[in-house]
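Enquirer: One structure, as structure tokens, below. Some questions next.
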Amino acid sequence: MASNKKTVPFYGTEEQKEQLLKVIQELRDEKGCLMPIMQKAQEIYGYLPIEVQKIISDELNVPLEKIYGVATFYSWFNLNPKGKYEISVCLGTACYVKGSGDIYNKLMEKLDIAGGECTPDGKFSLDACRCVGACGLAPVMMVNGEVYGRLTVDDIDGVLEKYN
Amino acid sequence: MYRSHVLVCGGTGCTSSGSETLISLLQEELKKNGLENEVAIVKTGCHGLCAQGPVMVIYPDATFYSMVKPEDIPEIVSEHLLKGRVVTRLLYVEDGGKAKALKDTDFYRLQHRVALRNCGIINPESIDEYIGTGGYEALGRVLTEMSPDDVIETILASGLRGRGGAGFPTGMKWKFASGNRGNVQKYVCCNADEGDPGAFMDRSVLEGDPHVVLEAMAIAGYAIGASQGYIYVRAEYPIAVERLNIAIKQAREYGLLGKNIFDSGFDFDIDLRLGAGAFVCGEETALMTSIEGNRGEPRPRPPFPAVKGLFASPTILNNVETYANIPQIILNGAEWFASMGTEKSKGTKVFAVNGKINNTGLVEVPMGTTLRTIIEDIGGGIPNGKKFKAAQTGGPSGGCIPAEHMDIPIDYDNLISIGSMMGSGGLIVMDEDTCMVDIAKFFLEFTVDESCGKCTPCRVGTKRLYEMLDKITKGEGTLEDLDKMEELCYYIKDNALCGLGQTAPNPVLSTLRYFRDEYIAHIVDKKCPAGVCKALLSYKIDADKCKGCTLCARNCPNGAISGKLKEPHVIDQSKCLKCGACMEKCRFGAIYKE
């Protein structure tokens with residue numbers, strides 16, 4: 001699959017850094033605080049670029065490679081920014097047997113990006129996700145948390161239209 | 001006093017289909033009609049019948065409305081709540097039958113709710129409602145009337161086995177960790193990292209009745225002598241996380257968590273840890289490694305967590321549904337619990353029934369209920385008159401149950417004897433349109449993705465298995481591959497480090513056992529009987545039905561269709577991409593696949 005991924009420069013603000021330092025201060029004495037701190041950091045910045053990982057590493061005095069190791073292990077952590085509209089298609093079993101694979105493929109084709117990528121204009125990013133738990137509505141996709149259920153391939157244009 | 005209560009489901013399924021909007025519209029409408037002091041709205045947890053969402057139950061008469069839309073709200077308020085006339089067109093009606101009260105529908109009648117006791121009935125964000133239904137009474141009784149050993153004896157006698165999948169006796173687990181009380185730091189953990197695709201039992205308990213988990217963990221803490229608990233919950237479950245946070249805060253305010261609970265001198269507190277989307281973290285040692293703030297890789301056992309678990313201290317880990325049974329066992333006694341179920345599997349089990357089934361949703365039945373009862377009676381059968389092919393239990397660690405085994409009573413041991421496993425309770429129904437080779441491939445793709453990479457049998461073995469399955473679905477497999485695959489499956493089972501790897505080959509083994517003919521069809525006849533595997537399909541045009549409208553030819557992305565206007569067209573198989581666009585477009589049903 002062709003990749004359009006471009007390096008997006010890091011735009012962290014001073015306020016964001018201040019927030020992060022405060023979180024680190026609050027949690028640093030708890031046992032096993034690294035993941036909660038990284039989760040908060042991702043909430044603050046929207047993703048976890050290497051620059052943010054460095055701040056955490058310096059503050060906690062934990063080697064950067066350990067933090068990078070944790071960040072790449074868990075699918076919840078994003079090293080790349082997300083689009084303005086985050087699309088995720090459920091590929092859990094219930095959705096899959098009801099045809100969500102076709103929907104995912106169609107979206108890749110329509111947006112001309114691979115899963116995990118963001119369109120060059122920063123508008124849409126596409127991910128596959130595991131069960132979102134709305135199996136009663138299978139197959140489902142989500143756009144910024146808004147759930148679209150009982151989809152067919154023909155519904156996709158209509159959904160994307162709403163965000164264009 | 002309110003004269004009527006409107007229970008609106010606030011579980012993930014119904015929230016996804018818009019129940020939040022319904023609640024705010026209801027509030028507005030009630031105000032407009034001056035009913036806000038007469039009718040109360042309660043946002044509950046999951047009612048179970050997710051396919052009919054958003055659902056709403058109006059008490060005192062338990063009128064059950066399903067698939068409610070925003071535009072229905074004014075009518076519900078003015079007709080039902082103001083004038084007392086039921087809006088019949090919104091009533092949930094079972095196939096060909098008449099609308100009934102909620103508890104009399106086939107979906108609910110055959111269920112027996114223990115773990116889901118409060119789900120869909122109380123407001124999960126109110127500790128008072130939980131206490132009102134007997135909540136925290138079990139904790140009170142344990143702390144004031146029972147010794148820690150009594151508690152463990154009761155749980156042992158009840159026969160409760162872990163609901164997370166493996167079915168280890170819960171009381172034994174507690175007993176192993178109970179030595180040396182008061183002298184060493186110990187931990188009680190709750191596994192709420194429900195990762196099986198298609199399983200949502202634990203989420204529904206957390207969303208619908210979060211306090212039951214807190215209460216049970218405190219009881220466990222007392223039994224083994226721990227003062228700290230951790231709930232490891234998926235970050236992908238935002239509603240569950242929010243309600244757990246609310247519940248913990250309320251329990252602390254009421255003195256039901258914290259120091260000196262019920263003046264007994266017993267201290268216990270709980271913190272949340274959010275999982276970050278790694279399936280392997282559902283394995284107990286990996287979960288603990290993750291709480292410690294590391295990559296969630298499993299550790300070799302022994303030492304078992306009861307000896308050396310979280311932060312190298314004795315730890316017990318139980319799953320959400322297991323905990324949800326504990327307070328009821330304490331209150332009603334071990335004999336009560338042991339009276340339900342089969343000889344070796346006591347109590348009830350919650351299943352998340354989904355896939356090709358009419359009543360997608362949560363079902364709690366006594367152990368020993370047959371698959372047929374769950375699928376045909378409770379689940380309402382398979383849509384569009386299709387034929388049942390198999391049910392998959394146990395997620396990526398489990399196997400398929402074919403039609404011939406539909407009548408065996410479901411319990412831990414029976415499922416293992418037919419090559420599947422209980423798993424956490426996901427039950428996915430498949431019909432004749434599901435290709436079993438493709439399903440095995442789907443699960444292997446999942447395990448390849450989720451293998452943590454620590455041990456070679458799992459990291460490399462699952463990948464090789466996936467490649468062989470991929471080859472077969474493309475029509476390039478050989479009969480020899482089947483033997484090789486089987487050999488590799490047993491090798492992985494024997495040598496992988498943790499449960500994820502040891503069970504990863506199960507979907508392959510069980511489909512090979514029951515649906516070998518489908519594998520052979522793919523290999524020898526180069527056909528996919530269910531018509532799923534694209535490489536083995538060919539699209540054809542029925543010359544008798546084709547009107548020669550050229551629509552298909554114009555829509556073919558690769559110019560594979562040719563023919564003259566008003567004459568039957570043909571598909572050039574060497575050019576066909578098998579995208580199915582022609583079949584979608586044809587207005588005369590002249591295109592078929594085989």
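Just so you know, glycine gets a Cβ as well, placed from its N, Cα and C.
Unlike curated entries, TrEMBL annotations are predicted automatically.
Pasting the relevant annotations from TrEMBL:
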{"type": "BINDING", "residues": "A:Cys90, A:Cys95, A:Cys131, A:Cys135", "note": "[2Fe-2S] cluster binding site"}
Enquirer: Counting only residues 6+ away in sequence within the same chain, which have a CB under 8 Å from the CB of A:Cys95 ([2Fe-2S] cluster binding site)?
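Expert: Counting only residues 6 or more apart in sequence, the Cβ neighbours of A:Cys95 ([2Fe-2S] cluster binding site) under 8 Å are A:Val89, A:Cys131, A:Cys135, A:Ala138, A:Pro139, A:Val140.
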Enquirer: Give the three-state DSSP assignment (helix, strand or coil) for A:Cys95 ([2Fe-2S] cluster binding site).
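Expert: Where A:Cys95 ([2Fe-2S] cluster binding site) sits, the three-state DSSP reduction gives helix.
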Enquirer: Which of A:Cys90, A:Cys131, A:Cys135 (the binding-site residues) has the most other Cβ atoms within 10 Å?
Expert: A:Cys135
Enquirer: Which three-state DSSP class does A:Cys131 ([2Fe-2S] cluster binding site) fall into?
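Expert: It is coil.
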